[in-house]
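Colleague: Below you will find the structure I want to go over with you.
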Amino acid sequence: MDKLELAEQIAVVSGCLYLSWRIIKYVWSFLEVEEDPVTVLVTGAAGQIGYALVPMIARGEMLGPNRPVILHLLDIEPAAEALNGVKMELIDAAFPLLKGVVATTNVVEACTDVDIAIMVGGFPRKDGMERKDVMSKNVSIYKAQASALHYTIDGFSQRFSLLLPLLIVLLVANPANTNALILKEFAPSIPEDNITSLTRLDHNRALGQISEKLNVHVSDVKNVIIWGNHSSTQYPDVNHATVSTDKGTKYVRELVNNDHWLNTEFITTVQQRGAAIIKARKLSSALSAASAACDHIRDWVLGTPKGTWVSMGVYSDGSYGVPPGLIYSFPVTCEKGEWSIVQGLKIDEFSRAKMDATAEELIEEKALAYSCLH
Ligand SMILES: NC(=O)C1=CN([C@@H]2O[C@H](COP(=O)(O)OP(=O)(O)OC[C@H]3O[C@@H](n4cnc5c(N)ncnc54)[C@H](O)[C@@H]3O)[C@@H](O)[C@H]2O)C=CC1
Ligand SMILES: O=C([O-])CC(=O)C(=O)O
């Protein structure tokens, strides 16, 4: 046998061993009787969203009341002491579902064995800034952290949980869509469908504005859409939104009966809500952002209720004429851990122009992000 044949045989045997190992691990996870704990990474965990988010996860608000969780908390060295304080409080809260907490400033340790990654770490904007103004600081974080997450899969360090066969990622830190795109580009082992960005906060804000206007319960309002970027160019669209009433399901436009308000003030209120919170609190949204992150992951993993869609920033496949290659917010339904874009909605001229404008901004942000990385 010459050296080449030997090398070939070694490669084949290693390939078979690796495949068998993955199959055994996957089958093993199905045989486990107790619900398998899910490991959730929260980056920027010492910050204000992190502080609101981790107890929600530990209490079962994200993955349901029967799903144990292990939390991996990542922050940077200057926040190490505060991060340890968060860990101490999680222990003190004695959450029955919380099976372990790793608090670390080491990105590789934080990413190891992770099933769900919620990327909050970064710098928030201040009063008077646009979200893209924090671009240069934040995109470089996501390029670096993409490598650690890439290795989680490529280096075979991911546990295989029954709930999720492969790591899923939610990008919260701003500019969220573009950070998610950068993470996708620099973590090629993560399938593009597994990387999303948060526009659920905007979606929930739109539901909240309609519920206030009509004086109905927010859970009776459904199927608003946030198209595009998590920025002031986003397009909150109510053309397909409905309200459940005693007299059956009605369209929001019919009930509001004020197209001028819906096409002007409603849209700008949702677009500018983040800035309004910063003005009022001198800090950006935290409890509503954390709650929206829980909603996003819960619906993605456990499924959207029948007849309901939600908004998620996902990798565009060209649906609705949105350029492919952007992370753009679409209406999606989710089932068994997979999202799909709701198809066939009628788009009028007004909507088309707004959807195109926010896509344009994302194209510009993408170019700006790359220029920051070079
Ligand atoms: N997509 C959305 O709907 C929303 C996004 N945001 C964004 O979320 C991000 C976090 O917001 P807050 O929690 O209010 O900010 P914060 O400043 O309170 O916390 C951010 C944390 O990230 C940490 N951090 C910085 N660099 C890091 C790195 N390389 N690795 C890990 N951690 C790192 C900081 O030390 C800090 O503890 C901001 O970018 C903010 O603009 C905020 C609200 C809504
Ligand atoms: O506005 C900000 O900078 C924080 C944020 O993304 C939001 O509240 O939607």
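Sequential numbering from 1, following the chain as shown.
Each Cβ is built from the backbone N, Cα and C atoms, and glycine gets one as well.
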Colleague: Asn106, Asn138, Asn215, Asn223: which one does TrEMBL list with Gly44, Ala45, Ala46, Gly47, Gln48, Ile49, Gly50, Asp75, Val172, Ala173, Asn174 for the NAD(+) site?
Modeller: Asn138
Colleague: Near ligand 1, which of the recorded positions show up if the criterion is a Cβ under 6 Å from one of its atoms? Options: Gln48, Arg205, His230.
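Modeller: If the test is a Cβ under 6 Å from any atom of ligand 1, the answer is Gln48, His230.
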Colleague: Does DSSP put Arg131 (substrate binding site) in a helix, in a strand, or in coil?
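Modeller: In the DSSP reduction, Arg131 (substrate binding site) maps to helix.
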Colleague: For substrate, with binders Arg125, Arg131, Asn174, Arg205, what's the maximum Cα separation in whole Å?
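Modeller: Taking every pair among Arg125, Arg131, Asn174, Arg205, the longest Cα gap is 19 Å.
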Colleague: Out of Ala46, Ala173, which of these binding-site residues shows the lowest number of other CB atoms within 10 Å of its CB?
Modeller: Ala46
